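As given in Swiss-Prot:
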| type | residues | note |
| --- | --- | --- |
| ZN_FING | 69-91 | zinc finger |
| COMPBIAS | 154-179 | compositional bias 'Polar residues' |
| COMPBIAS | 207-224 | compositional bias 'Polar residues' |
| ZN_FING | 230-253 | zinc finger |
| ZN_FING | 287-310 | zinc finger |
| COMPBIAS | 339-348 | compositional bias 'Basic residues' |
| ZN_FING | 357-382 | zinc finger |
| COMPBIAS | 416-436 | compositional bias 'Polar residues' |
| COMPBIAS | 458-470 | compositional bias 'Polar residues' |
| ZN_FING | 486-508 | zinc finger |
| ZN_FING | 519-542 | zinc finger |
| COMPBIAS | 577-591 | compositional bias 'Basic and acidic residues' |
| ZN_FING | 618-640 | zinc finger |
| COMPBIAS | 653-664 | compositional bias 'Basic residues' |
Amino acid sequence: MPLRDKYCQTDHHHHGCCEPVYILEPGDPPLLQQPLQTSKSGIQQIIECFRSGTKQLKHILLKDVDTIFECKLCRSLFRGLPNLITHKKFYCPPSLQMDDNLPDVNDKQSQAINDLLEAIYPSVDKREYIIKLEPIETNQNAVFQYISRTDNPIEVTESSSTPEQTEVQIQETSTEQSKTVPVTDTEVETVEPPPVEIVTDEVAPTSDEQPQESQADLETSDNSDFGHQLICCLCRKEFNSRRGVRRHIRKVHKKKMEELKKYIETRKNPNQSSKGRSKNVLVPLSRSCPVCCKSFATKANVRRHFDEVHRGLRRDSITPDIATKPGQPLFLDSISPKKSFKTRKQKSSSKAEYNLTACKCLLCKRKYSSQIMLKRHMQIVHKITLSGTNSKREKGPNNTANSSEIKVKVEPADSVESSPPSITHSPQNELKGTNHSNEKKNTPAAQKNKVKQDSESPKSTSPSAAGGQQKTRKPKLSAGFDFKQLYCKLCKRQFTSKQNLTKHIELHTDGNNIYVKFYKCPLCTYETRRKRDVIRHITVVHKKSSRYLGKITASLEIRAIKKPIDFVLNKVAKRGPSRDEAKHSDSKHDGTSNSPSKKYEVADVGIEVKVTKNFSLHRCNKCGKAFAKKTYLEHHKKTHKANASNSPEGNKTKGRSTRSKALV
């Protein structure tokens, strides 16, 4: 193996002529040269570089260079300053005996050292600190250290120090104090604030030791508790900052500002090191998400994360306690969710919240580039749904109050009769067997309810528009949602609480109408309820690349069509009667039943396929749906013919068709 060696400044330069077997690597050119003499050398040269050098030179000296100290008497080298000091103390005492007094201000060497420290660690604050040392009775090798500012002597902070720490600090203040190991008298010294250590060593006293302070003093001590855990005495919850625990007590426990200090308990952090520094850097609670505890750099990033990720929760009233309890509503006021939901909408409609023409939100003073972005912001952040007719809000406040009441009104579970669900194109819309059977039982009651509503419809056309809207609102809610079963018939979703169903209804409401959102394929007439179905359809049927999908995906939301609930229910009613007439021949009503046959569910389930590389689908020319097997496609085409020739007369003459015959 060839020898890889670099030249040294003092070595004799062999050029490899005597040793042809080994190849020497050419050395670093500065190491081959003799040292250049400059006007200043040693520490003076470094000080001059920090005083008048470039930014790059300062960076090299601070970050990329290690210092080796050389004793001028014995030429010994030391990599650390403490080793050099110990060496000079015991083996090579300095040539000039220094007295114990402070150095003269006019001394050039001390002035140069001060300039060096000022250049490396520029002091932002010139405030002085007072250090008080108190002896410990049980331990003679350590003292209590109290640090306070001269401008505010009330704020006294306490930290314990190790013997090495106390020795260094006492040597700086006076040499006589360092010779006595047990400290008997308390001494007060005025020192300059160190750059980092004092800030991290500061810890706040407990609530018993600290006197009552003003609100300004409370705000200044927000970030001084990095080494301690703050505990709420009422619920024993831990916090990292005083601001977080004060906000928690004020919002959750409803305590006044004057009583906050009584409910805060301070406990030392167990993972704190011996010098008082915390091992883990604690992120302030105000910059972390209260739901998922993810930390961010700024509060604006926390708000943006909360609006986009946790969009179902209210940002202004959310707290970690309420967010983690599953059954408790997210409102801080102790009122029912239905009432609070209603009052919130009424309160929001009492004044102008937005300006559609200027695309500006008047609640948080934000301006947006388009009305779509403003509507999205109002729906996600403020939970206000805007429609095209909502721009008249500012002109007629009375009408807005009525319309908001109509929009929010939820019928009680006792008075609402449930009706069967509606079926759309989405293949995930198949029902569980229990839900399907339950809703088949409720079908006659729902149709009786429909007959009653039809008989009352002439009365609903009264001169007052608000009353008419209220009358027509009830059947729409009951047609799309089952408040007894807590079930959305449009999405086939079951909810655990009435509040969750109420929040879900907001997603289906636009002004005074209930709609169902459909995503449409931009290349054909295919449309579905789910966005991922459109993406799958474009990939499998139209054979488009992922690059094309990246362009199309953003516009799918804009192309989405909001169809009213009547359109969805009527569409299912057209598809269903031919099957329901055969199955329920004893029913007295004509084909208005919305419950479909299981045959159509099976046909829709057949379109869900697993795509592989060696795979070809059978596509329908009429609607663009693709099927894995040809039998599924032929069966699907029969449904098109059945829908085209669907009439009451044809249904009577037609025989009963079963699933086994259809699939043969």
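Cβ atoms here come from the backbone N, Cα and C positions, even for glycine.
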Sort out the residues at least 6 away from either end of the zinc finger (69-91), same chain, that have Cβ-Cβ distances under 8 Å to it, and list them.
none
Tally of residues which DSSP labels helix, strand or coil - the zinc finger (69-91):
10 helix, 4 strand, 9 coil
Helix, strand and coil counts within the zinc finger (230-253) (DSSP):
10 helix, 5 strand, 9 coil
PLDDT averaged over the residues of the zinc finger (69-91):
86
According to DSSP, how is the zinc finger (357-382) divided among helix, strand and coil residues?
10 helix, 4 strand, 12 coil
